[in-house]
Amino acid sequence: MVIGICRSFRDRALDRCYHCFPCLSDPARRSSLVLKVTLVMLHLVYVGILFLFDSDLIDKTKKEPWYTALYLLLFFAALVQYFITSGSSPGYVLDAMRVVNETNVICKKSSMAKQRQTASSKNGSLPVEGCQSGRNFQGTDSTSWTKLVMDMYPPGTSVRSCICSYCNVEQPPRAKHCYDCDKCVLHFDHHCVWLGTCIGQGNHCKFWWYICEESALCLWTGILYITYLKANISRAWWNDAIAILLLIPLSIFIVFLLLLLFFHSYLILTNQTTYELVRRRRIPYLRGIPERVYPFSKGVCHNLYDFCCGGSNIYSLEPLPSAQELEEKSRPYTCLDVLTCRCC
């Protein structure tokens, strides 16, 4: 009986909680919220313990306030960048298709309006065919997207091979269906559990800046912890057990973040994604290309420019390179190529 009362009380409490906070009723959103709270708490614990025990840091803050101000600025910048990245869209195929179709409809309507104005100026009346064709805009939306996507593949490619069986939509090159988000993502890189979202064309740049800021913050925090332990090395080690226990996982995080930062920097410079690099032999349009050839690379400088400055349009689509372009990219470098900056 007591167990039944406790269960009913728990169910009522959960119902009230879900009613006040609808996002908690979804398991995926609930786990994402727990991760965000955990990350914020970890940051606060590491910084709080540091300022609580390190008296030398407090004295340095009084003498050189700019030092602590820069550290706290990086601390808040990393947290803000985390929430910006986790809340940003990776660039979904369905959204890109909707934008393309809406643009197509607007262009057709504007062209029809011009035709009507021309006809009315000549005949003094509107043509009937224009109104009838206007009713068929919705029916031609999918056709416009299909044609746009198929033009990016080599001639003779079957439409069925490009359709996602889950979203039932044509996937442009470099797109992939994410089973966690249950959506197709443009330039799919990976699904980040820590951020609770996919990394794709729309937020890859934000993700790189986040891991860069987080790496700098962890490095700075590790240096402060090591400085604190060196200043108190004469004391017994158990007096600083908390700092030592926090420094061990922090060192692991630093190594992981630096490796992740270097790895994604390499991907950016060669215009690749994690999925393309790891699953290269399983992707049909990359299967026959040698591993040392980067089919989508436009040179280091162009890749950097597209990555940093090309984020204004997260729905930009990239066609597959032609056989002639692949042959040019597979050609070995010569001294003349180095002098003419072919890699750039």
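Heads up, the Cβ atoms here are built off N, Cα and C, so glycines get one too.
Sequence-distant contacts of the transmembrane segment (33-53) (same chain, at least 6 residues past either end, Cβ-Cβ under 8 Å): 23-24, 75, 78-79, 82-83, 86, 193-194, 196, 221, 224-225, 228, 240, 242-243, 246, 250. If you look up TrEMBL, you'll see 33-53 (among others) marked as transmembrane segment.
Beyond the transmembrane segment (65-84), the same-chain residues lying 6 or more positions past its ends with a Cβ under 8 Å from any Cβ of the stretch are 36, 39-40, 43, 47, 57, 195, 206, 209-210, 213-214, 216-217, 220, 224. Among the features that TrEMBL reports, transmembrane segment is placed at 65-84 (among others).
For the transmembrane segment (207-229), the residues of the chain that approach it from at least six positions outside its boundaries are 46-47, 50, 53-54, 56-57, 71, 74-75, 77-78, 81-82, 84-85, 189, 192, 195, 199, 240, 243-244, 246-247, 250-251, 253-254, 257-258, 260-261, 264-265, 268, 307, judged by C-beta separation under 8 angstroms. Annotation source TrEMBL lists transmembrane segment at 207-229 (among others).
For 241-263 (among others), the entry in TrEMBL reads transmembrane segment. Tertiary proximity for the transmembrane segment (241-263) is limited to same-chain residues at least six positions away from its ends with a CB under 8 Å from its CB atoms, namely 45-46, 49, 53, 208, 211-212, 214-215, 218-219, 221-222, 225-226, 228-229, 274.
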